[in-house]
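Novice: The structure is given below, and queries will be raised subsequently.
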């Protein structure tokens, strides 16, 4: 073997010329030959990797030359480091034993407990050709064509005018009917109809809580076997520190006996999350096709943050949160039948080469569920385990969500916008969502605290969620391209009437709410659009149970009559002034005020977490009564004027994934 002592010392400035002389140029080393996996069969469809790199294309002479030169370079680097770091004589590479190698490496390794947290203690020393896009062996495919139908300005203008004209005509017709119907019967019936959903929700919640308490008294809950959870943290504008804090917070969330593997999907600006890893087992790049049929690059890093296995997937270009969700489920849930080829190959590679190393010695056989959260959300202790247990106990459950509260940041505890939105959040969840949970049909799963089961129906759900829209009606474009959570929930429930989506209020998270009118209206335009147009599909879509259809129809009619509701309120007050009758008013008082009474009972009796915020919720209730009519009209007008608009503004980064029906409890 070549001995470095036979040569004159080499300076660092001579290294480039030495490499050029001794190491063959790029292309002389053959690409790797990984074994073809199940997704590469049959060869007639994709072609095996051996077919793409036949043996007669290999330069065997270049290979031996490469090995010799690489060996010389490694020995030279060893000698150079030795002479620069200390004067102690160290064994050469020829006569050094394995134990001596381990000992010398241990002497120069920084202990994890003393190392800076932003510096990895173990990282790959060289970049292997198979870890690059050029050497990965993935086949070249033509540029993908987007089959989605694009609605031009003329199409959008026509459909917006038609939609807004229909809404105005319906409101005018209701106003005319209310004015001409004798004794205000129409006004009275309209109010009862609008309030009926919340009234029925209270009845369902009260009965459900009673039955569940009796059932659990006689049949206590049994322990749940260990579940493997893939925790997804999509990040767009969140800082590096926020992401790392979220990872350690979820690690310490009391998830036992369950196990986690975390996946951080970076979308947008680059962040060096991988530098916080205490051990890196592999770094590589792979091509992929985005949801919008654009070529993209994934930079993948697998390793550990202390004892937590972590995968960091960084997209070179921003392609949206929806793309991140679809990519995650394609890789780790049941794959849909039309998974893009590059994603399919990456899935095979991760399951064959990466996940076994990350979970070595833990008894990993596959994931049972996927936990979705945001990098800037605060998850209360025990929330992850609570969702996992609820999902595991219901064999028909496809997803479960937790409770979302407004984060009261220091200095903003008494913020006008926090008080206003805190009441809306809690009222919507404990009056409506809890009732949906008892039925097993929660219609919107918030993206900041949702657990999704790994089961075959998710393949069909993601296929529906990802499919491009090729038809003309703008409502299909609106629900598919604007918003994520409500559409994904509908895609899940549409896979079968037997499927359940659950609400687990014991699993709590906090999220940041908008702090200005501009940001609030921008957020509510999205939320209002998602709630309104998706309810058309819950009303008339496929595989929905009857009670879900009825509830959705009430929501659609209530939101469509937003202008007439002002007139109806005025006519109701006028009727009270001219002829007041308590007995006639009693049914209306019961139906309209029961939801508020139930919410107060929930605050002071049922939910200790809300009891801590009772005084703030009371103030929020008063604010809501004062400004909700004006906010409702403004939001719905913005929704109607922007039908078909898929654009987003910079303020949308403040809008969190927790989407509720825009149900303002003033009417």
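Start at 1 and count along the chain as shown; that gives each residue its number.
Quick reminder: no glycine exception, Cβ is built from N, Cα and C everywhere.
Automated prediction, rather than curation, is the source of TrEMBL annotations.
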Novice: What range among 128-160, 161-193, 227-259, 260-292 does TrEMBL record as transmembrane segment?
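Specialist: Among 128-160, 161-193, 227-259, 260-292, the range TrEMBL annotates as transmembrane segment is 161-193.
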Novice: Of 523-543, 586-606, 607-627, which range does TrEMBL call transmembrane segment?
Specialist: 586-606
Novice: Which stretch does TrEMBL mark as transmembrane segment, out of 199-218, 299-318, 319-338?
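Specialist: Transmembrane segment, as annotated by TrEMBL, spans 199-218.
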